[in-house]
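Working notes, beginning with the structure itself.
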Amino acid sequence: MESTDSLVDRISDLPDLLLTDILSLVTTKETVTTCVLSKRWTKLWAFVPVLDFRSNQFEQNNLWLGDQDHTKFLQFVKGVFDHREAIHLERFGFSFEGVTSRDIPHFIEILDRAAKCRPRVTSIDVSTVEYIQPPSSIFSCASIEEMSLSFDAPDTFVAPEIVNLPSLKKLELTCLSVYDNFIRAVLSGCPSLEELVMNCCILDIYEISSDTLKKLVLNMCVLLGEVYISCPAAVSLSIKHPREAGIRLNNVSPLARADICFEDTVFDEYAIGIYVNLLRDLPNIASLRLHTTCLGLQALLVAHVPKFQAFENLRILELEGFDMTCNFDLPCFLKQAPNLKKVILHLITPSEEATDEELLGNHPVLSEYIETIVMRSEENTPKFSYKDFECTHVDHMENNN
């Protein structure tokens, strides 16, 4: 027989505040199902400060949602709003796959009701073949501090009449067409904005200008024209695989860190010019990470870096996709960075036939310039010893395999 202690419901003895915090860690559908556990749990779900709705939880046999499944999902969402307590939301998440034209009015109604609950964090992820616009209420909700908008839809762009988000600190946009009027409205209507992230967006904009922005991320965005960045308060800049056009930095000083990932598959003369201009705009950078597996980048650095203004403030240089077997004249870069203290090399796997001389090349001169070398490599990349580099002037070296 089971002991009496093993039958005690200790979870239900916890205070309501702790139980609602626990329920905040699962989706709303899972939260609501706890109402059948006992009388104590009947209404507990209604006090949870997080709503996380996911349409894929209503799929049948892992198939794309049909009309019947859409109806069940939307009825469930509205039912939750109808019966929950009138408390402010810590987080609102809404993921809806396969939105149809008949779903759009319900979609807008749900977002309007969510805005009235004053969420602190809002995440909206929608896939559809229809043109769809989020309601204006989402862009005038004073409580929102973090917002993520993802629209897997053709030619979807966001064009609210007004943006008034005084508390917004972070905005992430994914798969959207972004135009000048919207980006200007965001930067003027979000006086507290510190972080702007754009993933796989089409950018038809001329300028990103903000006195408050501290972190800017442009990840695999298509640029329809040259984009100028003027963010004097920025401390972190990440640009990955810019496509079609270039990015110029007008006023981003002093940057603490820049992370530049080059497009490897397109490396013609025009593309090289784009990257050269971008690097030229980074003379005051303190930490610089360059990522490419293309030997064209190494040729670019050798050919153009000596012409750059000196990187006087550069302390940390990180190169990813670095090929020790190529004739990459790294010291020419180091001479432009007189205050460099640390180099991090992410090594790619060389040929098994590569000789020690080919692997090391002219890199022992690293020791003349820097204090710390960190080497990170793939599993089969040969390990290097201290004597290989003849690092008599290096205070510290790490070899992280």
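Going from the start of the chain as shown, residues are counted 1 onward.
Note that Cβ sites are derived from N, Cα and C of the backbone, with glycine treated the same way.
According to TrEMBL, the domain 'F-box' annotation covers 11-45. Residues or ranges marked as domain 'F-box/LRR-repeat protein 15/At3g58940/PEG3-like LRR' by TrEMBL: 132-227.
According to DSSP, the domain 'F-box/LRR-repeat protein 15/At3g58940/PEG3-like LRR' (132-227) comprises 15 helix, 35 strand, 46 coil.
Mean pLDDT for the domain 'F-box' (11-45) in the predicted structure: 86. Remark: secondary structure over the domain 'F-box' (11-45) totals 25 helix, 0 strand, 10 coil, with classes taken from DSSP.
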